[in-house]
């Protein structure tokens, strides 16, 4: 009875109590530990060693208190099993993920190449696009509806659709047989069928006026200079402003008069410096002042007629012009030229 009580965790006498100072180990200690209890095998008073937490007191497992007793051991064991399984799964997953590698499947293609080489003796990893298209088949090999098959079955005959059928080759041959005038839709007279043996001669138009001018200018220089010496050197402002073209336009129709006028223009161009120097020395203010007394003298002559003072006055004005023209500086001459140009 006592042995049974000890196995059950009762009050029975324990075998180690008779030894003084010895460790008392209950008979049912192994059974109590197997059940998850601690102390004295899960006794009522909790006399076992360790932490006394009543009947079947729990113990410290993994840094936390686990429930003891009859039902505590089984639940703890299930939790430990589940924790170990999850921890193992995590370790397995981490290990598999870290060790994962890309597996090449090129061996399959190499096997197929070996077979092809054994059959034909040629190694070809890729084929041409045309070969792929030919192997794919045409549109008739694909899926088609029943209506499409019916359309293909109905072969169109040119005799049935004569209104819509046109033979292009025969049309081209018929058009080539037509004459060129009909094809171009122009008059037949405009088209020259034969090639001419001689081309028509085109006579260029000559400028007679330019020829005459060139012949006059080609004359000897001595004659031009002699003719130029005959013309007066004192030219007015109007003659300076006239261009050679204006002089030619105003020239008379006879050739002699044209030649004389050309000589005059040439002499004018050769002696441009002399009249410019003579007239350039006269400022516009002085010319206006000189013109005023001339006008006054003319008016006085018309009014008084035989009065001598007006005549003497005109004579005195004329010699004054060259004396005053010499005193004009170059700056005044440039100013006058600028005023004339503007």
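The backbone N, Cα and C atoms fix where each Cβ goes, glycine too.
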Which of the listed residues, 84, 120, 288, 323, has Swiss-Prot annotated as phosphoserine? 84
For the candidates 75, 82, 156, 239, I need the one that Swiss-Prot annotates as phosphoserine. 82
Could you tell me which of the ranges 198-227, 228-257 is annotated in Swiss-Prot as region 'Disordered'? 228-257
